Amino acid sequence: MLSLVVLISGGGSNLRALLAEAEHADFPARVLAVGSDRDADGLVHAEEFRIPSFTVPLSSFPTREDWGKELLSQIQQWRPDVVVLSGFMRLLPGEVVRALSPGLLNTHPALLPEFPGAHAVADAIAAGVSETGASVILVDEGVDTGPVIAQERVPVLPGDSEETLHDRVKTVERRLLSDVIRGIAAGRIRLEEYPT
Ligand SMILES: Nc1nc2c(c(=O)[nH]1)N[C@@H](CN(C=O)c1ccc(C(=O)N[C@@H](CCC(=O)O)C(=O)O)cc1)CN2
Ligand SMILES: NCC(=O)N[C@@H]1O[C@H](COP(=O)([O-])[O-])[C@@H](O)[C@H]1O
């Protein structure tokens, strides 16, 4: 059984999907705790599924590095096999990335390396592309520069808003993340074999 800690910053719809799937006996992973860098709306999903949560606000620390040390401490108390960034909107300091790698995944709503960063869906709309995608990557010390574990194209439809496109992308993200977690648990995906 793979043990996960999931980090969020927002509404946590992808977290909720993972928590719901983890309730099924055939899912080979469990979420030990949910963490956030703020009082995220998505923490309500952890409460509903009776999963412990913790919040480490960046604004409570003099530096990002100090924040990272506390975040890392909170994560490591749960001794997870894998940490999943699911709408976690803070860049992690190198010390945190190094301590958690290679068991540190991020889901991103674009076909990386296209549209990295915090506003991928808006950027895809603005660029006028006819398709974008979803990616699951290993997190490195760059910004969305880690090796791609899984990704899938998603069409941009005429009249798409950021919201309609993001919703379409999220449905693919959820499936990709589930498949990656199942692959890791089954030994088909070996994170240590990816270059970082
Ligand atoms: N060391 C890394 N940390 C994180 C990565 C990563 O690739 N390396 N991915 C992000 C998730 N992410 C994209 O997938 C992402 C999230 C946020 C930002 C960003 O610029 N954040 C700003 C604040 C932006 C805001 O609050 O709107 C910041 O951290 O100051 C870039 C990429 C998670 N962490
Ligand atoms: N750069 C990181 C990034 O953009 N992450 C994205 O935030 C969304 C969170 O949605 P949710 O809060 O509804 O799960 C997801 O689409 C995730 O890929």
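Every residue gets a Cβ built from N, Cα and C, even glycine.
Annotations in TrEMBL come from automatic prediction, not curation.
Note that the structure is a prediction, hence the values are computed from the model and not measured.
Record features (TrEMBL):
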ACT_SITE  His108  active site, proton donor
BINDING   Gly12, Ser13, Asn14  N(1)-(5-phospho-beta-D-ribosyl)glycinamide binding site
BINDING   Arg64, Met89, Arg90, Leu91, Leu92, Asn106  (6R)-10-formyltetrahydrofolate binding site
DOMAIN    4-181  domain 'Formyl transferase N-terminal'
SITE      Asp144  site 'Raises pKa of active site His'
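All features noted in TrEMBL, drawn onto the structure.
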residue : record                                                  : DSSP (3 states)
Gly12   : N(1)-(5-phospho-beta-D-ribosyl)glycinamide binding site : coil
Arg64   : (6R)-10-formyltetrahydrofolate binding site             : helix
Met89   : (6R)-10-formyltetrahydrofolate binding site             : coil
Asn106  : (6R)-10-formyltetrahydrofolate binding site             : strand
Asp144  : site 'Raises pKa of active site His'                    : coil
Spatially speaking, which of the recorded positions Gly12, Ser13, His108, Asp144 is closest to Arg64 ((6R)-10-formyltetrahydrofolate binding site)? Use C-alpha to C-alpha, please.
Asp144
Does anything in the same chain, at least 6 positions from Gly12 (N(1)-(5-phospho-beta-D-ribosyl)glycinamide binding site), have a Cβ under 8 Å from its Cβ, and if so what?
Val34, Ala40, Asp41, Gly42, Leu43, Val44, His45, Ala46, Ser86, Gly87
List the recorded positions Gly12, Ser13, Arg90, Leu92, His108 whose Cβ sits under 6 Å from any atom of ligand 1, in sequence order.
Arg90, Leu92, His108
Reported as an integer number of Å, what is the Cα distance between Asn106 ((6R)-10-formyltetrahydrofolate binding site) and Asn14 (N(1)-(5-phospho-beta-D-ribosyl)glycinamide binding site)?
12
Please list the recorded positions from Asn14, Leu92, Asp144 whose Cβ falls under 6 Å of any atom in ligand 2.
Asn14
Measuring Cα to Cα, how far is Asp144 (site 'Raises pKa of active site His') from His108 (active site, proton donor) in Å?
8
Ranked by how many other Cβ atoms lie within 10 Å of their Cβ, the recorded positions Arg64, Arg90, His108 are led by His108
Pick out which of the binding-site residues Met89, Leu91, Leu92 has the most other Cβ atoms within 10 Å of its own Cβ.
Leu92
So Asn14 (N(1)-(5-phospho-beta-D-ribosyl)glycinamide binding site), by the Cβ count within 10 Å over all chains shown, scores 23
Taking Cα atoms as reference points, rank the recorded positions Ser13, Asn14, His108 by distance from Arg90 ((6R)-10-formyltetrahydrofolate binding site) and give the first.
His108
Other same-chain residues whose Cβ falls within 8 Å of the Cβ centroid of Gly12, Ser13, Asn14, the recorded N(1)-(5-phospho-beta-D-ribosyl)glycinamide site, in sequence order
Ile8, Gly10, Gly11, Leu15, Arg16, Ala17, Gly42, His45, Ser86, Gly87, Lys170
Widest Cα span across the (6R)-10-formyltetrahydrofolate binders Arg64, Met89, Arg90, Leu91, Leu92, Asn106, in Å?
19
